[in-house]
Amino acid sequence: MSSVTLVAKSKLPTPWGTFTLVGFQETGTGKDHAALVMGDITGDEPVLGRIHSECLTGDALFSLRCDCGFQLQAALENIAKAGRGVLLYVRQEGRGIGLLNKIRAYHLQDQGADTVEANVALGFAADMRDYTICADMLKQLEVKSLKLMTNNPRKMKAMESFGIPVAERVPLQEGRNPHNEFYLSTKANKLDHMFKK
């Protein structure tokens with residue numbers, strides 16, 4: 001049984017071209033998630049894709065504390081240039097701890113904690129995201145394999161474990177700045193994210 005149900009589709013014009021916006025609902029929680037699709041993503045050829053976890057602060061409020069908004073824009077640009085691809089927008093804010101806890105974690109980071117220490121101090125694991133829903137979304141979209149835009153090896157392993165082969169990792173290193181340097185270094189050192197030196 002799938003963890004998500006495809007609920008609705010519409011066109012979504014963006015600065016990079018027109019995507020199909022696909023809405024999904026988690027069967028257990030009712031939480032909604034979205035996919036942006038361009039071109040025909042069915043078939044055997046690997047699809048350029050990104051699994052993007054919701055980041056209100058980076059995606060909508062232009063925060064420089066993270067690289068999320070920069071990665072979101074770059075991923076959509078890359079898909080548009082390719083003419084074919086999918087971006088999953090997964091509602092797992094703050095690596096799964098939610099917006100209010102993310103703000104609490106930011107407060108701890110303001111006092112010197114790194115992103116992992118802040119989550120742990122609040123009683124959470126470093127990363128609480130569940131990638132089962134991502135695999136189920138991709139399967140309902142008939143994606144058979146990915147060229148995954150990510151720096152996170154956990155996303156690649158998760159897709160492989162759920163039967164979505166990752167044919168290629170496409171690095172997505174965007175938006176490094178003085179405000180997120182410590183954050184990105186922590187992701188590399190404690191969460192095994194892959195960044196060029």
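Heads up, residue numbers simply count up from 1 along the chain you see.
Each residue, glycine too, has its Cβ placed from N, Cα and C.
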Return the residue out of Thr27, Thr29, Thr115 that Swiss-Prot annotates for the same GTP site as Arg50, Ile51, His52, Ser53, Glu54, Gln71, Glu93, Gly94, Arg95, Thr150, Lys155.
Thr115
Out of Cys66, Cys68, Asp127, Arg129, point to the one nearest Glu54 (GTP binding site) in space (Cα versus Cα); all of them are recorded positions in the record.
Cys68
For Glu93 (GTP binding site), identify the closest of the recorded positions Cys55, Cys66, Cys68, Asp127, Arg129, judging by Cα separation.
Cys55
Taking the Cβ of Arg95 (GTP binding site) as the reference point, list residues of the same chain whose Cβ is under 8 angstroms away and which are at least six residues distant in sequence.
Ser53, Asn119, Ala126, Asp127, Met128, Arg129
